[in-house]
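What Swiss-Prot says about this one:
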type     : residues : note
TRANSMEM : 17-37    : transmembrane segment
TRANSMEM : 54-74    : transmembrane segment
TRANSMEM : 91-111   : transmembrane segment
TRANSMEM : 140-160  : transmembrane segment
TRANSMEM : 173-193  : transmembrane segment
TRANSMEM : 212-232  : transmembrane segment
TRANSMEM : 240-260  : transmembrane segment
TRANSMEM : 274-294  : transmembrane segment
TRANSMEM : 311-331  : transmembrane segment
TRANSMEM : 338-358  : transmembrane segment
Amino acid sequence: MSSVPAPREYFLDSIRAWLMLLGIPFHISLIYSTHSWHVNSAAPSWWLTLFNDFIHAFRMQVFFVISGYFSYMLFLRYPLKRWWKVRVERVGIPMLTAIPLLTLPQFILLQYVKEKTENWPTLSAYEKYNTLAWELISHLWFLLVLVILTTVSIGIFTWFQKRQETSKPRPAAISLAKLSLIFFLLGIAYAAIRRIIFIVYPAILSDGMFNFIVMQTLFYVPFFILGALAFIHPDLKARFTTPSRGCTLGAAVAFIAYLLNQRYGSGDAWMYETESVITMVMGLWMVNVVFSLGHRLLNFQSARVTYFVNASLFIYLVHHPLTLFFGAYITPHITSNLIGFLCGLIFVMGIALILYEIHLRIPLLKFLFSGKPPVKQESRAAIG
């Protein structure tokens with residue numbers, strides 16, 4: 001445990017916040033894309049589909065690298081039990097709060113919008129359970145994965161710490177090319193696991209909890225560990241904060257491959273396995289692209305940026321039901337996809353910010369949506 005706090009990583013704080021807030025244009029553009037969602041516009045937009053695919057191809061990989069970075073930083077700062085408790089509370093409490101307050105009403109709304117209320121009694125017990133698993137976890141899935149990764153990483157982080165204490169500091173002798181090969185092989189390994197499951201027991205891949213707890217965790221754990229290693233080895237972090245033409249070109253080629261796979265791939269064939277390999281390496285390359293841009297443009301302290309850093313989780317939590325409401329009741333009345341998309345951004349962001357300001361003034365809600373207990377104000381002793 002270290003009592004000396006690490007210097008503030010302003011650009012990483014900012015990147016994490018903007019990746020969270022990107023969820024708003026991501027889900028609003030999903031309404032206007034060619035992808036089938038809960039609610040869709042009458043006519044899809046090719047450029048909003050392209051925009052949506054680009055965000056989806058890299059956003060969460062970069063997010064989990066940053067999460068791993070900060071998780072290990074705090075691991076060195078707190079005793080083990082306190083670290084686990086703090087980390088799980090910070091993500092677990094908002095997740096458990098959002099289920100009854102946000103995703104349950106969202107589920108009920110969708111039942112009426114999609115006219116499925118009459119079909120609910122006809123579902124089997126498992127079908128009801130699985131539907132609720134998908135719909136109640138919904139956009140909160142990454143919080144569940146973070147709880148799992150935090151728990152799993154106890155042993156891994158402890159091993160990292162012991163190696164730091166017993167070994168002399170040395171550079172992480174690994175290039176971006178070697179990392180690319182490693183993540184390519186990890187993508188193939190993940191694809192192989194999925195294909196084996198598809199052959200042996202394909203039905204389990206449609207199970208919501210299995211998808212969130214097992215498949216999503218398996219995919220994102222390399223990025224989480226990479227973030228921790230970037231904290232341990234400053235030279236590794238420097239590789240990500242230094243612009244790489246190879247990573248930029250590689251990410252562009254990977255995105256083209258991603259689009260081609262989306263266009264010509266088949267879910268009954270190898271589309272999902274191919275996508276996992278592509279997004280694994282593209283995620284790595286986009287870490288370099290995003291970190292280097294963020295380090296150059298966002299590595300400063302700003303009250304406005306700090307506001308959105310603090311607000312990003314709450315805004316992300318509430319934006320999803322707001323987006324679905326907009327898509328169900330407002331989108332049909334707007335003929336232009338561009339105007340609809342812009343109106344959606346204003347509608348969702350505006351209401352989310354109002355709700356954020358309201359919740360800040362209610363201590364219980366502030367705690368439930370942040371997982372942070374209220375800070376006790378120490379009384380000052382009067383000086384005579």
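Just so you know, glycine gets a Cβ as well, placed from its N, Cα and C.
Ranking 54-74, 212-232, 338-358 by CB pairs under 8 A with the transmembrane segment (240-260) puts 54-74 at the top. Contact check: the transmembrane segment (311-331) against the transmembrane segment (212-232) gives fewer than three Cβ pairs closer than 8 Å, residues 6 or more apart, which falls short of the contact criterion. For the transmembrane segment (212-232), same-chain residues at least 6 beyond its ends with a Cβ under 8 Å from one of its own Cβ atoms are 60-62, 64-73, 133, 137, 141-142, 144-145, 148-149, 152-153, 156-157, 160, 164, 172, 179, 183, 186, 190, 193-194, 205, 240, 276, 280, 283-284, 287. The stretch in 17-37, 54-74, 173-193 that contributes the largest number of Cβ pairs under 8 Å to the transmembrane segment (274-294) is 173-193.
Remote same-chain partners of the transmembrane segment (338-358), defined as residues 6 or more beyond its termini with a Cβ less than 8 Å from a stretch Cβ, comprise 24-25, 28-29, 31-32, 41, 45, 48, 311, 314-315, 318-319, 322-323, 326-327, 330-331, 365. Note on the transmembrane segment (17-37): residues 44-46, 48-49, 51-53, 55-56, 59-60, 62-63, 66, 139, 290, 305, 308-309, 312-313, 315-316, 319-320, 323, 326-327, 331, 337, 340-341, 344-345, 348-349, 352 of its chain, located 6 or more positions outside it, place their CB under 8 angstroms from a CB of the stretch.
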